[in-house]
Amino acid sequence: MSSGAADLRQRKKQNCTESDKMAPEERNKDNSKPGRSPKYMLVQRFAKLFFGCLAAVTSGMLYAVYLSTYHERKFWFSSRQELEREITFQGDSAIYYSFYKELLKAPSFERGVYELTHNNKTVSLKTINAVQQMTLYPELIASVLYQASGSEEVIEPVYFYIGIVFGLQGIYVTALFVTSWVMSGTWLAGMLTVAWFIINRTDTTRIDYSIPSRENWALPYFACQVAALTGYLKKNLNCSAEKFCYLLVNASTYTFMMMWEYSHYLLFVQAVSLFLLDSFALAQTEKVHEVYKIYLFSLFLGYLLQFENSALLVSPLLSLVAALMFSKCLQMNLKKGTFMARLLKIMYVYLVLTITVTLNFLLKMFVPHKENEHLLKFIEVKLGLNTTKNFTMNWLLCQESLQAPSQDFFLRLTQSSLLPFYILVLIICLFSVTQVIFRRICGEPLKEAIKLEDGRIGERPEIVYHVIHTILLGCLAMCLEGMKYLWTPYVCMLAAFGVCSPELWMTLFKWLRLKAVHPILLALILSMAVPTIIGFSLWKEFFPRIMTELSELQEFYDPDTVELMTWIKRQAPVAAVFAGSPQLMGVIKLCTGWMVSSLPLYNDDDLLKRNENIYQIYSKRSAEDIYKILTSYKANFLIIEDSICNEVGPVRGCRVKDLLDIANGHVVCEEGDSYSYTKYGRFCHEIKMNYSPYVNYFTRVYWNRSYFVYRINTVISFQS
């Protein structure tokens, strides 16, 4: 493999003029075929491109309309009052949309940005840079577009906001369509990709549950980057197409990094895929290193524009790319054929990994950063390397998105025929790539131009990249169910490409040594017949379900929460601070604008500690302890949620009150649950009894079926 890699690295990249000179010669050869005039070929190519682009754009637009229609049917959005609409935003989604509202209410955009970067009206006793801490660049862009386009008199802010998100989801689907089309050569693969994506929407996107979430803003740009990278890695690409793909990779990589705080981790997985692709000498080294430069540029620009975000400096992406660039410099400076040059080629992978780990360790030592330490602790506990009684850590471990995927997930993918075809395509591609690597080790060079009859799909660098990429994402998805939203869309794309690609079928027939039927003819027939059969079966089984889903009027109404928000806006003082569960605090901040003591955000250690302390209202602590905790955050009102206090969870030990008992040492888990001594009852139960000492510290001022609101007394009366 090392000698093969040397051959590939020694080849000089053809410049644009050379490729442009070769293009007419190749066209003349094609046009010399009998019965095919240059005009006919031009019309054929234009028609294929036109109808393919039309199908891609139409698919994206129809998906956006589908999401909008489904959202309207689910929430009855058009017939709701503003307060009822805002209640549909839950948890962190409520916080993101609340800042969008604040930007629109500001006297000017500059003033609105300043108030967000110096925000002291959201969390009590805390001034935060909300733009940096919560990655509010999507809200900044949405507010600018809303005001600059003059949409105030045309459309309501909430419709404009969710409309942008739904539009981005349409771009997401279009990018997946184009990626599959570029890989297979037929837009039929793109249609199948979109069909599988929509049918498996439960496992491909979180748009149903959390519209403003950062990944819903960011992943469409990543899909565009992957589509552009797929085209960029292709062999024999003409100069103008290569430049277009390069510029699109640049723009989409940087935009993706600005939209999501965890984007550099996903780009790190992509960089590892490119590193393996380059290590096996299956792609042009110059192209791969151009992508590395794009990573460096995006990290540098992101660091500057994200208020000197130190998390980007200590990210594994920067360490890996720096190690790869340094290793390349060593290879270029060493004289070819020497002992050190040969040793470096053999030890290339080990050298890169060693430098990456060392550099990342040094950066974390010398660069002040606030990278989430709880993330590393979570990984330790998740892998079984450590145990903990910490409430926050155990609460994260209990979240469904951070557990291993359930059997239902694989069952759904199998019922839609996605998983079986993905496994088939993956196996064929893996075997073909393995053959290619073996040939490279034996010194056989790669073919410059691969023909259909060669049956060597594993020699196409863009295919190898996607195989490696989906395997890495799949490994993550097998550990954390939340990662399935990154993996499943590319499963749809790779499976659709495979069944629609004549090259993949030809690769299979080469191994089977078919003689009875002409393999090329059979490959062309199957590449059309198989996706057509799949498409008709999906249409027959799932299309009626989708239409039924759109025609049904679902009822979403939460009168208790509406009553609570109405009471707060009418009765609570403007300067009041509310305490309660972080999820409820996000809704209160959005619907009323009142200050809260905690937020449903998990990237800040101080907020995590606040959340744990305020959750103590559901523990077995004394009234005095709870009073001291709440007054330390200047809280004026306490809200007890009956759903948490009387929670009957499906998994015992994952309820909030169970996790608090473990963290506080009020329960010991050995052979069975044995409660240790505590003289206090559960606070959320005891406070409802209205007896001393609880009435001395707290006065009930409002209640309904779901919520109990207590004023925290400033003057304590100890009368029984």
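Any Cβ shown, glycine's included, is placed from N, Cα and C.
What you are looking at is a predicted structure, and each value in this text was computed from that prediction instead of being measured.
Annotation comment: TrEMBL describes 18-33 as compositional bias 'Basic and acidic residues'.
According to TrEMBL, the feature region 'Disordered' maps to 1-36.
TrEMBL lists 49-70 (among others) with the feature transmembrane segment.
Positions annotated as transmembrane segment by TrEMBL: 181-199 (among others).
Per TrEMBL, the feature transmembrane segment maps to 265-283 (among others).
The feature transmembrane segment is assigned by TrEMBL to 303-326 (among others). Cβ atoms under 8 Å from those of the transmembrane segment (303-326) belong to residues 117, 129, 131-132, 258, 261, 264-265, 267-268, 271-272, 275, 289, 292, 295-296, 351-353, 355-357, 359-360, 363-364, 367-371 of the same chain, restricted to positions at least 6 beyond its ends.
Feature annotation from TrEMBL assigns transmembrane segment to 347-367 (among others). Here the transmembrane segment (347-367) has long-range neighbours at 275, 279, 310, 313-314, 316, 318-320, 322-324, 326-327, 330-331, meaning same-chain residues at least 6 beyond its ends whose C-beta is under 8 angstroms from one of its own.
The annotation transmembrane segment is assigned in TrEMBL to 419-442 (among others). Residues 1, 4-5, 280-282, 410, 413, 456-459, 463-464, 467, 470-471, 491, 494-495, 497-499, 504, 507-508, 511, 534 of the same chain lie 6 or more positions beyond the ends of the transmembrane segment (419-442) yet place their CB under 8 Å from a CB of it.
For 486-508 (among others), the entry in TrEMBL reads transmembrane segment.
Feature annotation from TrEMBL assigns transmembrane segment to 520-539 (among others).
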Quiz item: When each of 49-70, 265-283, 486-508 is checked against the transmembrane segment (181-199) for Cβ pairs under 8 Å, which one has the most?
Solution: 486-508
Quiz prompt | When counting Cβ pairs under 8 Å to the transmembrane segment (486-508), the leader among 49-70, 265-283, 520-539 | solution = 520-539
Exercise. Grab the same-chain neighbours of the transmembrane segment (520-539) for me: Cβ-Cβ under 8 Å, and only residues 6 or more beyond its ends, written as numbers and ranges.
Key: 184, 186, 188-189, 191-192, 195-196, 199, 416-417, 421, 452-453, 496, 499-506, 509, 514
Quiz prompt | Intrachain neighbours beyond the transmembrane segment (49-70), with Cβ under 8 angstroms and 6 or more residues off its ends | solution = 162-163, 166-167, 169-174, 177-178, 181, 187, 190-191, 194, 197-198, 207-208, 546, 549-550
